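Feature annotation from TrEMBL assigns domain 'G-protein coupled receptors family 1 profile' to 44-293. The transmembrane segment annotation in TrEMBL covers 28-51, 63-81, 101-123, 144-166, 200-224, 245-264, 276-295.
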């Protein structure tokens with residue numbers, strides 16, 4: 001372990017990401033599983049982006065936001081999986097402090113952006129179903145760009161604030177991160193600095209990026225459900241709800257994974273189980289999103305054909 005002298009303390013300049021080293025007998029199986037998952041995720045999301053760009057039937061706000069979500073998911077999974085796959089191949093699990101902070105910045109920023117973007121997509125469906133006569137006027141090109149750009153900016157700005165605070169911390173050892181990527185708590189608990197302020201700031205920012213978007217999404221679907229149930233014909237109800245069923249499924253999976261990973265208490269004895277839950281949140285969710293939209297959205301299926 002390389003260290004640098006800093007005053008009377010010895011500062012850690014690199015971390016060891018333990019990942020799944022505690023189960024060496026399945027390393028090759030995990031490598032193959034994550035490799036197939038990464039390739040499928042990237043190809044699936046790139047296919048959706050290509051369809052949104054090239055098919056003129058998909059040139060509307062709903063699919064513009066879907067294209068943004070696919071781009072976000074591609075970047076999101078690329079912050080973790082390529083490095084994990086390289087570690088499996090080379091048996092090297094060392095990451096520099098700057099590399100760890102950079103991974104955390106992009107991972108957290110993209111996760112925050114996804115919270116905002118999913119809320120934007122639910123607002124789009126709310127306007128389309130509850131205020132159809134005003135849809136074109138409200139969801140114009142400028143508004144769509146502002147909503148999508150604001151989602152990316154909010155997530156990356158909050159992540160930049162937390163990452164800059166993390167860089168002020170001193171790490172004196174140990175330097176082993178019991179996780180498969182640089183998440184907040186596994187990194188901060190290794191610091192020998194006072195971490196109360198950074199934990200408070202992170203809690204406030206995380207609450208602002210998750211709770212209001214979740215509540216707005218929930219409120220949007222309450223209004224959508226109320227409007228759909230008032231449609232007299234069953235065919236009309238099915239058609240109206242089918243336009244947002246895929247998005248509702250994605251929202252449920254995303255926030256469900258967030259709750260399991262960060263809110264459900266897990267004893268220290270179940271550290272490996274915690275990693276499994278984190279895999280569901282960071283790896284499987286970006287994989288299933290393009291599948292959900294491909295299989296449950298009639299417009300995507302027509303574009304594919």
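Quick reminder: no glycine exception, Cβ is built from N, Cα and C everywhere.
Automatic prediction, not curation, is the source of TrEMBL annotations.
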Selected stretch (most C-beta pairs under 8 A with the transmembrane segment (101-123)) from 28-51, 63-81, 144-166, 200-224, 276-295: 144-166
Per the Cβ filter (under 8 Å) with a sequence gap of at least 6 from its ends, the transmembrane segment (28-51) is approached by 20, 58, 66-67, 70-71, 73-74, 77-78, 81-82, 84-85, 88-89, 283-284, 286-287, 289-291, 293-294, 300, 303-304
